[in-house]
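Read the structure below first, then the notes.
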Amino acid sequence: MDWGKLKRWLAGFAMRPDVELDEGDPDVSARFLVVGLGNPGPRYAETRHNLGFWVVDRIAREERLAWKQQGRAFTTRWGSGWLMKPTTFMNASGEAVAPFVRYYKIAPERLLVVHDDMDLPLGRLRLRRGGSAGGQKGVRSIIEQLGTDRFDRLRLGIGRPPAGWDAASWVLSKFSPDERGVADRVAAAAAEAVRTWRDQGLEAAQQRFNGLDLRESGS
């Protein structure tokens, strides 16, 4: 027996009672999903690893959207699509994302994953489609569970750990007071990047946001 396949099937089945479609649901081609990655709970709320959560929380707050528990995630409807915050913890994010994507028949190119990235400095962001996880374990989990890497990503720089820090300790650390201002500007710009991606597509969002440097307050 393929236990991995059985586990994925059960995860999808468990989600169905909470996500039944209704007459007002959009056509399949119009559906999209924006996933902010992070770890659930107040212990992790202010950490670098939760920058993806910051972005979708900001959108939900600005749009006055209400989160609800669905399967192994918090979700909220946003126009013809959804915002999501997995509650699986970062490294198992795919276990929340994949059942939702399959149930709603969301195309890979209509999935945007917003996540922290150590390969970019704090203050920079990058949109792209496909490619490896680059060491980001939440993205790796989504690739593994979906069986494809052809979805869009919004990478939010958090920089490399300083000398004496390991990667795990770094991503679970909080921003310093000086860094916090930059992180807030990144979250605000990223929320606008998500809106541009939704309304105008990946290329338009890349052209507008991939060159931004938010390390200075006037940027």
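Yeah, the Cβs are placed from backbone N, Cα and C, and that goes for glycine too.
Going through Tyr44, Tyr104 against TrEMBL, the one listed in the tRNA site together with Phe89, Asn91 turns out to be Tyr44.
In the shown protein chains, 23 other C-beta atoms lie within 10 A of the C-beta of His49 (active site, proton acceptor).
The two recorded residues Asn39 (site 'Discriminates between blocked and unblocked aminoacyl-tRNA') and His49 (active site, proton acceptor) have their Cα atoms spaced 7 Å from each other. Among the recorded positions Tyr44, His49, Phe89, Asn91, the residue whose Cα lies closest in space to that of Asp116 (site 'Stabilizes the basic form of H active site to accept a proton') is His49. The Cβ of Asn91 (tRNA binding site) lies under 8 Å from the Cβ of Lys137, Gly138, Ser141, each on the same chain and at least six residues away in sequence.
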